[in-house]
Amino acid sequence: MSARDTVKPDGQATLFADKRGEVSMTPAKSSAKRPAKEPKSGSKKAKTEASTKAETAEDGEQASRTSRADVGEMDEQPAGTIEKGHIYFFYRPKVDDDDPKSLDDVSKFFVVLSPRQANDKDFRYYRSIDVGKKRLPDVDRPGQGALPKEIFWSCVMSAGSDYEALKAGLASSEYDTKTAGHRVQPSCRMAGRGNYSIHYVPSEKSDAPSQQKSYLNYITVVPDQLGEVQKSLGIKQESSILLQVKDPHQSAAGFQGLPEERRAKYPDELQALFKTKNRPANPTALLDYVGAELLLIASADKVEATVGEADAKELSKEADSAHSLGPSDAQRELHLDSKENPAEALEGDWT
């Protein structure tokens, strides 16, 4: 089954590769049965039913996206770690290039966040985030123009608990074109697995949302020694990245993001949190909506530099407990088959 044939049953969009090798979204198929006979177009009954259907569909979408009690917190959290879990890094080679040799041969780079709950070891949830520059921002590199640090745009492409949908989004696909003939979009390769936390640091001087900070912190577990692949993708042994969420109702001058119709549609209680163009990822439910636009800003190579000693030690302790994992173990966590998703990149080699 190709990635294109799979849709997510929970009504959210699914990550898949299109004919250009781009990652897009496809809506889930509706499970509702079509009426045996539709009323004539233009009739009062037809207009009433059409209005009711539209309201029902909108309510259904809203309900599926706002049931966040099991994952992202809907309420703003106090200072400290507000989420933690497993982080995975993936890249997809360009079309018809099943033997990439460098970053130039990469089509897309993804970060998958899988939150964990202390009271439910079987809980699974996955957010797929497309990083626009095909690598993570580097604290040692200056930003573009007058920017002192690298700032990368990214976007939530899928979110849900169905790992089969996640697998489908990472799989290969084939298609035919009139001009180029048969084309093959290679599957994604896992380039790293680690432990992450999202940490909230409120400002002591200002209540302005723009002054509050949230950090995506991670420690890489697999591979234990970073290779050429990880270095090219900007994956560090450990790192702290300033994480901001963009207001989908506002456009920034010179900012190339998603068209308005593809941006996240937050429920009123989350949308009301935006007072400026960007805000911290608190609550983390802001990350659970397809089309959420994020800014990743290089911050520090050491987690302790941004979150403090105690929380850094906690993340390090969790990462240490997973250091016995090897490439095959990391693949199995996401039910991936090395035949479909080669694992050599987890040893630092391009594949």
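Each residue, glycine too, has its Cβ placed from N, Cα and C.
From a predicted model like this one, the values you see are computed outputs, not experimental measurements.
Per TrEMBL, region 'Disordered' is recorded for 1-80 (among others).
The compositional bias 'Basic and acidic residues' feature in TrEMBL is assigned to 35-56 (among others).
Look at TrEMBL and you will find 308-351 (among others) tagged as region 'Disordered'.
Assigned with DSSP, the residues of the compositional bias 'Basic and acidic residues' (310-321) fall into helix, strand and coil as follows: 11 helix, 0 strand, 1 coil. Marked as compositional bias 'Basic and acidic residues' by TrEMBL: 310-321 (among others).
Per TrEMBL, compositional bias 'Basic and acidic residues' is recorded for 330-342 (among others).
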Secondary structure tally of the region 'Disordered' (308-351) (DSSP, helix then strand then coil): 23 helix, 0 strand, 21 coil
